[in-house]
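These features come from TrEMBL:
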ACT_SITE  Asp130  active site, charge relay system
ACT_SITE  His163  active site, charge relay system
ACT_SITE  Ser315  active site, charge relay system
DOMAIN    372-494  domain 'P/Homo B'
SIGNAL    1-23  signal peptide
Amino acid sequence: MRKFRIGLAAAVVLSSFTTPAQASEDTYIVVLREHILTANVTSQYDVSVRHTYSSALNGFSATMTAQKAADLAKDPNVVRVQRNKTHTISDAQNNPQAWGLDRIDQRTLPFDQTYYYSTDAANVHAYIVDTGIRATHQQFEGRVKEGFDAIDNDSNPDDCHGHGTHVSGTVGGKDYGVAKKVTLHGVRVLDCKGSGTTEQVVAGIDWVTKNAQKPAVANMSLGGDKDDVLDAALRKSVESGVTYAVAAGNSNGDACTQSPAREPSAITVGATARDDSRAYFSNYGTCLDIFAPGLGILSSWKDSDTATLDASGTSMASPHVAGAAALYLAKNPAATPQQVRDALVSQATGDKVTNPGSNSPNKLLFTNHGIVPPPPTPGCGRKTNENDVQIPDAGEYVGTAIRYAGCKGNAPKATKVEVTIKHSAQSDVRIELAGPSGRTYLLKANGTGTKFQPYYTVDLSGETKNGTWQLLVRDRSEGDAGTLEGWAITLPKK
């Protein structure tokens with residue numbers, strides 16, 4: 001049986017019908033025309049129903065021979081008959097840098113160590129079509145409500161794999177989530193090994209379509225080969241008013257070759273790395289709508305009520321967008337899925353993704369539209385930022401910011417910048433200061449023999465005092481890491 005991917009994506013495949021030499025049975029999904037009753041068809045063909053679909057699709061799944069499936073496909077009341085397929089989830093890729101929230105609320109790098117949001121989306125419901133949710137995890141604060149389990153066919157979608165709990169944490173965890181008070185609903189369509197079938201995935205979509213409380217978003221971090229049945233179910237669910245974010249897939253190929261990534265009614269999401277490059281695994285192409293962080297994303301995990309994991313994939317990028325959709329719906333509860341999609345794409349930051357892939361839209365998720373960060377404390381003089389920031393080994397620039405307002409004139413020629421860094425290999429570290437204009441000033445180069453100084457004096461006379469000043473630190477060699485423990489700058493009144 002052919003398998004598909006969903007943590008690095010998963011889904012469904014079309015199959016033609018051939019009559020085997022022996023009459024072995026398999027599971028098939030039968031899509032009926034509107035207003036045709038399942039019972040009328042099943043009684044005529046003497047098949048035993050496994051699942052009945054009434055919302056996302058009109059039809060059923062049943063076990064039958066290939067010959068009976070072929071006969072059903074010829075019935076004028078039948079739209080399509082498709083053999084059931086197996087879907088599997090991929091292992092998570094570890095990376096210790098949790099950074100997604102910090103990136104999506106700002107237009108440009110470097111990171112400012114802050115996530116601004118103007119709503120917690122407490123009035124929105126998010127449906128996680130995945131492996132279930134560990135409802136008792138502390139990240140969810142009791143906000144996991146009624147759900148559906150297509151594996152055990154009950155209403156208890158516990159997560160024995162972990163993928164769904166991780167995705168849920170990115171959508172709505174109190175620390176790791178984009179929409180921090182959203183109501184979460186687990187829709188389990190994959191088992192403890194991360195495996196499920198087309199009939200189970202469609203059953204999950206069907207349940208969401210029938211039971212979604214509006215305003216509603218859904219996340220499907222799964223994908224695979226083209227599948228008309230899956231796409232049709234998803235399309236019908238979107239038509240019912242549910243906004244879907246879906247993973248683009250992780251084959252480093254064209255997302256238009258996969259479902260549900262190719263479905264135009266969903267928001268298809270590619271993945272980026274910390275430096276705004278397309279993640280090496282992310283699919284691309286015209287079927288993408290937007291990119292979001294997806295490499296080394298820290299979120300909740302299923303092992304305990306406090307467990308976390310760093311994971312990578314377009315599976316991790318998609319829930320950032322689902323959370324952003326929840327933020328938009330919180331303020332625009334009557335918006336249609338198309339309006340939500342258009343708003344997120346129009347608000348996204350353009351031309352930031354390097355190597356986005358052939359024919360991809362160069363759009364990076366941005367959630368801070370219309371949100372004004374807290375103003376800086378008025379006044380001049382010495383200001384500090386004592387937030388600790390980990391300096392990754394041979395990584396990208398990290399740093400923190402200090403803001404000035406209410407000052408007059410430019411900074412002095414001999415400006416004092418104090419820096420406190422703990423690092424076992426001082427010569428590996430490069431330190432720069434970025435002024436309000438965006439220009440950077442070298443404080444300390446990396447290289448043999450270079451050591452930290454308690455303060456650095458730099459000519460900043462070309463910069464106005466008012467605005468945001470950022471201290472940027474980077475480890476340029478492998479083997480050591482450290483911490484930026486704080487810094488200060490002095491800009492006098494006169």
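Here the Cβ of each residue, glycine as well, is placed from N, Cα and C on the backbone.
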Pop the Cα-Cα gap between Asp130 (active site, charge relay system) and Ser315 (active site, charge relay system) into the table, whole Å please.
10
Asp130 (active site, charge relay system) CB neighbourhood, other CB atoms within 10 A:
33
Rounded to a whole angstrom, what is the C-alpha distance between Asp130 (active site, charge relay system) and His163 (active site, charge relay system)?
7
Taking DSSP states H, G and I as helix and E and B as strand, how many residues of the domain 'P/Homo B' (372-494) are helix, strand and coil?
3 helix, 62 strand, 58 coil
How many other Cβ atoms sit within 10 Å of the Cβ of Ser315 (active site, charge relay system)?
37
